[in-house]
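Student: Quick paste from TrEMBL:
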- 22-312: domain 'Conjugative transposon TraJ C-terminal' (DOMAIN)
- 25-46: transmembrane segment (TRANSMEM)
- 58-79: transmembrane segment (TRANSMEM)
- 187-208: transmembrane segment (TRANSMEM)
- 228-248: transmembrane segment (TRANSMEM)
- 260-281: transmembrane segment (TRANSMEM)
Amino acid sequence: MTMLLSSDIWSVVPAVRQSQEFQELFSDMVSVASILAACCTAWSVIRTFSTYVEGQGLSMWTLLRPVVILLCVTQFDLVGNAISQVTGIFTRDMAAYVELDFTEFTEKWSELMSRQSELSQAAIAGDMVDNLPKEDDPLWKRLYGYIKSCTIFMLGQGQTSLHAGVETVVSGLLMLVMKLLMYGQQILCNVYLLICLLLAPYVFALAILPPFSGGITHWIARYVQISLWIPIGFLVMKFNLVMANAYLESVNASDGFLNVLADQYIVIVYQIVIIVSVASVPKIAGWVIESTGTNEAHGNISSMGRRLISAASGGKL
C-alpha cells in the first residue's frame, strides 16, 4: 500500500503523453483545432479592420490577440508541457512527508494496542489474585475459587483478544479506505488532466471569438484546480495525520486503563475524519481557485495586454 501514495503518481500524465497513441490523437486534434483557429483568426482580423474602416478606433491588442492565440494552438504541445511542468512542481516532497507520517501513525497505533494488552493482562491478573482461595478454606471453597479464577482468566483473555482484533481490523480497514480514496483521486486527477489537454486546443481556438473570449482563463483555472487535487490531498492527509500522531503520543504517555480504551475509539474517529477530509479535496481545490478571483482574471489579463501593446507601439493605432 505504500506505493499508492508515492510522488511517482505525478509521472503518469507525462508518461501517457509520451505514448504513441496519445501523440497521434493529440496531433490530429491540434491539426483540426489549428484549422478552426485560423478561420476564427481570419474572421476576427476582417471584423477588426471593418470596424476600423467604419471609423471606430483600432487597438493593437485586439488585432494581435487572435494571432497570438493561433500560435499557441499550433504549438500547443509546448504550451501544454509548460503548463504541466509548472503545476507539477510542488507535489513530490509532499508525498514523501505523508509516507513518513503513515509509518509514524502505524508505529504509535501498535504501541497503543500493546499498551492496552499489557493493561488488560494486569487487570486480569489482579482479578485472578483477588479470587484465589486461601489455604485454610474448605475444599469446596478452594475448588470454587480455582474454577472462578480460571474462568476470569479465560474470559478476560478472550475479551481482550476480541477487542484487540476488532479494533485492529476496523483501523486497518479505515486506513485501507483512506489510501484507496486518495489513490482514486489521483487516478481521476490524471484522467481529467489528460482530457483537459486533449480539449484545450479547441478551447483556445474558440476563445478567439468574442462569445468565448473567457474560455482560456476558465480552462487554465480548471486545469490548475484539478492539478491541485494531488498536493491538497497530500496536505490534508499530512495535517490530519500530524494531529492524530500528536494525540497518540499524548495517549501513550498517559496513565489509566479506561483512558486507553476510550482513546482507541477516538483514534478511529480521527481516521474517519481523515477519510471525510480526503473526500472533500476537490471542493477545497475549487475554493482555492474561487478565492483567486478567476472571474476577474480574464479582464485583468486583457487589460494588461492592451496596455503593454499600446506602450510598445508608442500609443499609435
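From the backbone N, Cα and C atoms, a Cβ is placed for every residue, glycine too.
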Student: What residues in the same chain, six or more past the boundaries of the transmembrane segment (25-46), come closer than 8 Å to it by Cβ-Cβ distance?
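Tutor: That would be 17, 63, 65-67, 69-70, 73-74, 76-77, 197-199, 201-202, 204-206, 208-209.
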Student: Can you tell me which parts of the same chain pack against the transmembrane segment (187-208), counting only residues 6+ beyond its ends and a CB-CB cutoff under 8 A?
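Tutor: Same-chain residues near the transmembrane segment (187-208) but 6 or more away: 9, 12-13, 16-17, 22, 25-26, 29-30, 32-34, 36-37, 40-41, 44, 65-66, 69-70, 72-73, 76, 80, 84, 214-216, 219, 222-223, 226-227, 229-230.
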Student: Mean pLDDT over the domain 'Conjugative transposon TraJ C-terminal' (22-312): what is the value?
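Tutor: Mean model confidence (pLDDT) across the domain 'Conjugative transposon TraJ C-terminal' (22-312) is 72.
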